Amino acid sequence: MKKARVLFVCLGNICRSPTAHGVFETLVAQHGLASVVDVDSAGTAAYHVGNPPDSRATSAAAERGYQLDHLRARQAVSQDFSEFTHILAMDEENLRELKAIAPANYAGHLGLFLDFAQCVEREVPDPYYGGEAGFGHVLDLVENASMGLLLKLQQVPR
Ligand code: 4NP
């Protein structure tokens, strides 16, 4: 399989994109693909740069066996388009922000993460101002899309 570098992007990089980062990193390792798939995450905003993921995201992920403790928030930058083959936004607003800093000739895949999921939702809803249940819902969507993304990356190009 071709080497892939995947960047997950949300607003703050403390709830949704670190969840996707941890879940997808785990899935990649479970399939023995860590040497061919790199995973990272970033936020379109800088409010939480340097911070660990929100404790509600970390707890919800840990309940399903995913570790997020090693992650620290950073802001997405235009340099990311030189480094990542797949840049996947959690919602339309993040995608708009990314398109605003994307070079016109970006040859990778820039789109919504849930395009890889089998569900009716198109966006991963922001759980920051809601309750614990929102973090479980984020995990459901992220697990679904992660499986779809992994299958897509493993497809032989023709
Ligand atoms: P995230 O969630 O984009 O999934 O990391 C948020 C985190 C922080 C804020 C908003 C959303 N905030 O307004 O600080």
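Cβ coordinates are placed from backbone N, Cα and C, and glycine is handled just like the others.
From a predicted model like this one, the values you see are computed outputs, not experimental measurements.
What TrEMBL records for C10 is active site, nucleophile. Taken from TrEMBL, the feature active site applies to R16. Under the heading active site, proton donor, TrEMBL lists D126. The domain 'Phosphotyrosine protein phosphatase I' annotation in TrEMBL covers 4-152.
This view paints the features noted in TrEMBL onto the structure.
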{"residue": "C10", "record": "active site, nucleophile", "DSSP (3 states)": "strand"}
{"residue": "R16", "record": "active site", "DSSP (3 states)": "helix"}
{"residue": "D126", "record": "active site, proton donor", "DSSP (3 states)": "coil"}
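DSSP places the residues of the domain 'Phosphotyrosine protein phosphatase I' (4-152) in helix, strand and coil in these numbers: 63 helix, 23 strand, 63 coil. Note: the CA-CA distance between R16 (active site) and C10 (active site, nucleophile) rounds to 6 Å.
Each of the active-site residues C10, R16 was scored by the other Cβ atoms within 10 Å of its Cβ; the lowest score goes to C10. For the domain 'Phosphotyrosine protein phosphatase I' (4-152), the model's average pLDDT works out to 98.
Distance noted between the C-alpha atoms of D126 (active site, proton donor) and C10 (active site, nucleophile) is 9 Å.
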